[in-house]
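Student: Dumping the structure here so I can ask a few things about it.
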Amino acid sequence: MTFSRTLLVSFIAGALFGLGLIVSGMANPAKVTGFLDLAGAWDPSLALVMAGAIGVGLFGFGLTRNRSTTLFTGEALHLPDNRRIDHRVILGSLAFGVGWGLAGICPGPAIVALVLAPGQVWPFVLAMLVGFWLHGWLEGRAAPRC
Amino acid sequence: MTIDWTSFTPWSALLGGALIGIAASLLALGAGRIAGISGIVGGLVGGKAARWQLAFVAGLLIAPLGWLMLALMPAFVLEAGPGMQIVAGLLVGIGTRYANGCTSGHGVCGLSRLSLRSLVAVLAFMGAGFVTVYLLRHALIA
């Protein structure tokens, strides 16, 4: 009973997330590269996407601070508490940023774009999935999720 | 720097961003999980997907399907050809897993939780993104 409610919440959150990516323009690669192109005709929209998301998130995640269980089901929260700033988070993010700049696609929009324009975006999505798999293979086993 | 006012869409950006923030907050408060897409989809690829991860990805796929069923096609322009997409996809896939997060996990969730580790990640991938697009559009192409 509680388990299925967790699944329902996860499904609704996924749908709202996908809707947000489409409405915000994040699902359009040209919109993303327009933001990353500081030296060209700069489109600041993506900064406002982040501002909107973090503005709501500060409130929502603020509510998790004094809780140890979920709101509707009373199950344990699984929020990461890793504070380590090491070569992994820096080099990994730099590599991600280069890929993000090359195509204008990050993982969320990649999944949404696979539905919107599969014929165009499949090489990126396939390579991204191979990249996920390669990481797991190189690590021997899957790293903790974030 | 010149702002491209014709492409700037402040209201839909803020509204879409707020929806993303609501989704991430809902998943954290209601399911106790971080809405980090690289971690969630990476979990599916690893063959060790939890059921909540499958449910979240199903929702993520339903949104654009619903959009298309209303006969709306959102603007979608992808300039990168297949070769560049493959290089980009590999970098995004491996990089986000090593960093343990991407635009959603570190960018939205991490910054909302005031995580210094996530701020470092965001500055690194945004910085790398800015430099990459600069090189691609203004330095390497005459």
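Cβ coordinates are placed from backbone N, Cα and C, and glycine is handled just like the others.
Positions annotated as transmembrane segment by TrEMBL: B:12-31, B:52-77, B:114-136.
Relative to the rest of the structure, where do these features sit?
Tutor: Panel annotation: around the transmembrane segment (B:12-31), residues 52, 56, 104, 108-109, 112 of the same chain, lying at least six beyond its termini, place a Cβ under 8 Å from a Cβ of the stretch.
Within the chain, the transmembrane segment (B:52-77) has long-range Cβ neighbours (under 8 A, six or more residues past its boundaries) at 27, 31, 33, 35, 37, 40-41, 43-44.
Distant neighbours of the transmembrane segment (B:114-136): 95, 99, 101-103, 105-107; these residues of the same chain sit at least 6 beyond its ends, with a Cβ under 8 Å from one of its Cβ atoms.
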